[in-house]
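Following: one structure in structure tokens, then a few remarks.
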Amino acid sequence: MTERYADKQIKLFSLTSNLPIAEKIAKAAGIPLGKMSSRQFSDGEIMINIEETVRGDHIYIIQSTSFPVNDNLWELLIMIDACKRASANTVNIVLPYFGYSRQDRVAKPREPITAKLVANMLTKAGIDRVVTLDLHAVQVQGFFDIPVDNLFTVPLFAERYSKLGLSGSDVVVVSPKNSGIKRARSLAEYLDSPIAIIDYAQDDSEREQGYIIGDVSGKKAILIDDILNTGKTFAEAAKILERSGATDTYAVASHGLFAGGAADVLETAPIKEIIVTDSVKTKNRVPENVTYLSASDLIAEAIIRIHERKPLSPLFSYQPKGKNNA
């Protein structure tokens, strides 16, 4: 969608964490970004000013709560408050990446469930809806008492790999850890490919002695995960696949954080190409073999469908050309 969207009572605002994806979303939706300013005082306090009226409007605030997580989260909370006090009709937040979603349970005694705390804070601030992309744990949706639309990136990845000819029985989709089996199976079903899993002994904290459940010998392997942080999970998994006879290894993740040193780790790993979405804007160096796949069209269409009260279900599937839609 490139023409100006007709309904001017919907407005998009971008905060500072990921302006590039916000600009793409705005262009795809045909809705220009609203005018606002955000600045940080010397003591760290954040000041926001909305530079146009939002009275009676439906507001969508775009912000990834990635590094620096707490600054970006507080900027979002302050913007929500500004919109509420300016008499916006509804305030909706678009989180291409939802920080703290990995803290979704008590893994050890006396640990907090910070994902629930953040959900409470956002809800209490006054939001009406959340649009996000590939939550680390889907149960985080249940931490909110408002609608949460968790969009999936697997259909985007399936379309990309199908165009590259990476599908069928010569390809195997691999989960680099047993917790990602569902994600791997989803991509494998789109590609008509088998799956494999890399598992580790409980005392293998460095993940160096993994073993493969499934057949990868003589096949092209696609590693899939939701968050690429330090790169160690993909790097070690790729080495295991190479030792096990995989001919080529590709990797794909929804969110490319690329924490310090990740580029060095991944560039020495036997990975042909790494695909991530543009959900996170990082200041760290990115490996040379990384390809960015934009999720902006997907998010833009979701925003328009929500505003027009249309179902989002068509966004959760990818139908390869030549397949019967019946």
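Here the Cβ of each residue, glycine as well, is placed from N, Cα and C on the backbone.
Database features, via Swiss-Prot:
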type	residues	note
BINDING	Asp43, Gly44, Glu45, Arg102, Gln103	ATP binding site
BINDING	His136	Mg(2+) binding site
BINDING	Asp225, Asn229, Thr230, Gly231, Lys232, Thr233	D-ribose 5-phosphate binding site
Among Asp43, Glu45, Asp225, the one of these binding-site residues whose Cβ has the fewest neighbouring Cβ atoms within 10 Å: Asp43
Which listed residue (Arg102, His136, Lys232) has most other Cβ within 10 Å, given these are binding-site residues: His136
Binding-site residues compared (Gln103, Thr230, Thr233) - the one with the fewest other Cβ atoms within 10 Å: Thr230
Inter-residue C-alpha distance, Arg102 (ATP binding site) and Thr233 (D-ribose 5-phosphate binding site) (nearest angstrom): 16
Gln103 (ATP binding site): nearby binding-site residues from His136, Asn229, Lys232, Thr233, Cα cut-off 10 Å: His136
Asp225 (D-ribose 5-phosphate binding site) and Gly44 (ATP binding site), distance between Cα atoms, whole Å: 34
Cβ packing number for Gly44 (ATP binding site), 10 Å threshold: 9
Lys232 (D-ribose 5-phosphate binding site) and Glu45 (ATP binding site), distance between Cα atoms, whole Å: 35
Cβ atoms near Gly231 (D-ribose 5-phosphate binding site) (within 10 Å, other residues, all chains): 26
Chain-internal residues near Asn229 (D-ribose 5-phosphate binding site), provided their CB is under 8 angstroms and they sit 6+ positions away: Leu257, Phe258, Ala259, Ala262
C-alpha spacing of His136 (Mg(2+) binding site) relative to Thr233 (D-ribose 5-phosphate binding site), in angstrom: 15
Assigned conformation of Asp225 (D-ribose 5-phosphate binding site) - DSSP reduced to three states: strand
Cα-Cα distance linking the residue listed as 'Mg(2+) binding site' and Lys232 (D-ribose 5-phosphate binding site), given in Å to the nearest integer: 18
